[in-house]
Amino acid sequence: MGHCYSRNISTVDDDDEIPSATAQLPHRSHQNHHQTSSSSSIPQSPATSEVNPYNISPFQSPLPAGVAPSPARTPGRKFKWPFPPPSPAKPIMAALRRRRGTAPHPRDGPIPEDSEAGGSGGGIGERLDKNFGFAKNFEGKYELGREVGRGHFGHTCWAKAKKGKIKGQTVAVKIISKSKMTSALSIEDVRREVKLLKALSGHSHMVKFYDVFEDSDNVFVVMELCEGGELLDSILARGGRYPEAEAKRILVQILSATAFFHLQGVVHRDLKPENFLFTSKNEDAVLKVIDFGLSDYARFDQRLNDVVGSAYYVAPEVLHRSYSTEADIWSIGVISYILLCGSRPFYGRTESAIFRCVLRANPNFDDLPWPSISPIAKDFVKRLLNKDHRKRMTAAQALAHPWLRDENPGLLLDFSIYKLVKSYIRASPFRRAALKSLSKAIPEEELVFLKAQFMLLEPEDGGLHLHNFTTALTRYATDAMIESRLPDILNMMQPLAHKKLDFEEFCAASVSVYQLEALEEWEQIATVAFEHFESEGSRAISVQELAEEMSLGPNAYPLLKDWIRSLDGKLNFLGYAKFLHGVTVRSSSSRPMR
């Protein structure tokens, strides 16, 4: 499932100078959790260079064998620490050990007590319940064939249905060994994966779920057979990268699936080229996302904190142990970067080195082939790979990006709109006035997206009421959305039951200050917004009142004084910009919009 484990390598120090020795790159490992991949030989890229002897990470390179990634792709910066730095890989390795139920590495000292070694359930002397309540008659319904893939918990086989609605149809059967389920976490992962596959199966870019069975030794998950191989194999077959036009077609499919399961309150947590399969070997084959073994529910009012995923694709906030659906967007940004240039945006010789690059280094957009790639494509990738998760586009916003617009990707409801509107109606009148001024300075490209979202909510008489938000969410609801409790946000939007949002106020409620700050024209946007605020919404405000607006204490008074003009007691430009950015939304118990 996740692959953030590491090898014990004592001979290479991350901060040492690189010697000039050479060695063979490791072969690309086919550890597909679902289907087989093409085994045809990969053509040699014309842009080959000396073989990199330090590609010793177990995470497989997206480059063809013999192609060394340029050190300039991720600058080889020297991170100087007064003491040896803590390894960012340790939390991931520890989390995966807990899920798999495996013991930690041997250490000096006494043998740990049972409670210490047992992880999260399933310790010594504790009997795990591995009965899932699934049907038992797998062999009566399916004829099992050859193995087509293998992963940590089990393997995937070709099979043929002997009876039922899909009689005679070939399917893929993921066989998960119960002997590998040695912790309560690993058992819960399997249960949740099956639940998610059932709930999300209807989308055109989600692998279809057919059935699930079990016996005393295994769980059998019956799914659609995708015979076109992994996206990673397709990248390799093209010499390491996709032409821009083809990359767009791939990314639209990835984002379409992601926008769908994000709307259901699901975060995948392991998006990478190996977890996307083509339905056939045809050029126009549909791409489908697989492997929800590490996925979880992302409730609107909570952040996840367990560190899982694959090293090259893990988001900075995952390493900081506070993340949600935005972490998947980062992973798609890494995939986008690889598709367009054939190199990883972050590279290291060990997992710890990779994670330090993820946290500190910036992707390189100057070396070849980036000068030949369109500026709008680079803007797209940069807006996915923003280290501040609040400034990243959502999957629905990415589908509306100008670079993808000619692909006619269609639009899905963006749940971030609900969170922003909820915050708006719970904000103070002064905060709402500031946002209304900002909405009048929104660039045309951003207005296109907001207009589309407004229409998806099906306004009546030019405005939106609470029931418009309720109906729209119900239209897209699956069992996964119910499990993630996303509809609970509607209880916090009750003030809309007695008020209508027209499009102008909807824009004020739905605009993300952080995402606007990520735009190159942010200073111009803020200047125009401040002019509107000066003429329409500004008023005199005391330091104490401003501190209360921003949930700050008396210690902040000296700082806030610089934000208020002494002449008339109103916010100056700096104060307005900081006020928009700061912690301004009151708690859910604050007074609703009047």
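Yeah, the Cβs are placed from backbone N, Cα and C, and that goes for glycine too.
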Region 'Calmodulin binding (CaMBD)' according to Swiss-Prot, located in which of 175-195, 427-447, 532-552: 427-447
Listed residues Ser201, Ser234, Ser352, Ser484, with the one flagged phosphoserine by Swiss-Prot: Ser352
Which range of 253-283, 315-345, 408-438 is region 'Autoinhibitory domain', per Swiss-Prot: 408-438
Lowest local Cβ density among Thr156, Ser538, which the record lists as binding-site residues, within 10 Å: Ser538
Alpha-carbon spacing, Glu545 (Ca(2+) 3 binding site) to Val148 (ATP binding site), which is rounded to whole Å: 65
Secondary-structure category, per DSSP, in which Lys500 (Ca(2+) 2 binding site) falls: coil
Cα distance (Å, whole number) from Lys500 (Ca(2+) 2 binding site) to Thr156 (ATP binding site): 53
Local Cβ density at Val148 (ATP binding site) - other Cβ atoms counted within 10 Å: 21
